[in-house]
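Visitor: Before I ask anything, here is the structure I am working with.
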Amino acid sequence: MALAVGLQQLGAFLACFVAWPITNRYGRRKTLALASAIFVVGAVIQTIDTHAMGAFYAGRIIAGIGLGAATGIFVSYWVDYGVLKGISSHKSMQWQIPVGLQIVPAALLGLGMLTLKESTRWLTQKGRHEEAWESLRWVRASDSQEVADEMKEIRTGVEMEARETEGFQAKELLEWPNFKRIFTAFAVFAAQQATGATAFAYFGPQYFKLLVGAGDKNLLLTAIFGAVKVVACSVFVFLLSERVGRRQVLIWGAVFMAACQISCAAVVKNIPAPSNGNTTPSGIATVALIYLFVIAYNFSWGPLPWPYISEIFPTRIREPGVAVGVSSQWLFNFIFSLVTPYMIDDMGWGTFLFWGLADACIAIGTFVFLKETRGLSLEEIAHDDYSRGKNLEDVEGDSTHPLHVKRT
């Protein structure tokens, strides 16, 4: 099971290194359509009952390469619960339906891309200005002066970006000021996976078995877990994301998650779940703690690493820098999805303690090393001194190095 889950993340990790050059050359629209097609092929291979695990594993890797094209883990939880209750475990449809339903969102996205215009910015970058104007007019459903002004702003931004990235060489990423940012992006996404939230998303039923015992309700609790994730993340993105600082939220989010996980470990160690699956006060308490944990995650380490790493890079290295950071996300996603089932089997309640201590370390590391980026210009963020914590406002920049840009 660990390998079946992890291989998809491995495919996504490999895709990170080809997505950037393909997108840059062929455009966003074609790349998304291609990713959707690859995902569909992988999902079809998984769904067919070949009686060969090798084919299933290959399908997982192929689907992982197109993983960004279609995600719907919230829906998958409820599908899993529904087929468990409605279809006999002796029928292959019980696993084929959840696996096969991956095809639907990927196919819809791929077909939908055929109806869209190419990215205005990408067309402008390629010098296809008439097509860029048509694309923007189509998106805005207007050719007013306001839209024309927006087109001018896009062209100005693209021209500035071209000047900043002129002559870029990959070896520049290894220069110390740039490498510090690369390492920060890598570490932030590694920390995101080390919170334990992704492990809960993949292996929710096994975790809830530790909390409430065996039974069908583990899948129901996992489905509710998914719903809590979606609601919490939506509330944060739409209501809070631009009103709070990145650093403080990441610190206190990790502290709260650590408290929830360590509390769970203490309860499960001293009051093990009943073998008959009966509801107990300790079971209710630990489930509530896990739901509070996932709310804290989706208010902090779930969404915030994505804007944070895009903000810490100067224009010259932003695209490759973000690509490396995202590759870290999938790499550690793969690692933790591979080892989590063994942790649950061998460590039991200690798994919660492990994640709790990891969250505590993440909080300390964030306090010491990460800086605030909200409300700052890219020039302020791009100061070369990137080794001390607290706010970037406290870092005195060098007027000769507002941006680390190397010309050749």
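Just so it is clear, glycine is given a Cβ too, placed from its N, Cα and C backbone atoms.
TrEMBL labels come from automatic prediction, so no person has curated them.
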Visitor: Pick from 23-41, 61-79: which range has transmembrane segment per TrEMBL?
Guide: 61-79
Visitor: Considering only Cβ pairs within less than 8 angstroms, which of the stretches 99-116, 182-204, 219-240, 280-301 has the most against the transmembrane segment (249-268)?
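Guide: It is 280-301, which has the most Cβ pairs under 8 Å.
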Visitor: Ranking 99-116, 182-204, 350-370 by the number of C-beta pairs under 8 Å to the transmembrane segment (280-301), which range is first?
Guide: 182-204
Visitor: Rank 99-116, 182-204, 219-240, 322-344 by Cβ pairs under 8 Å to the transmembrane segment (350-370) and hand me the top one.
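Guide: The stretch with the most close Cβ contacts to the transmembrane segment (350-370) is 182-204.
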Visitor: Looking at the stretches 99-116, 182-204, 322-344, which one shares the most CB pairs under 8 Å with the transmembrane segment (219-240)?
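Guide: Comparing 99-116, 182-204, 322-344: 182-204 has the most Cβ pairs near the transmembrane segment (219-240).
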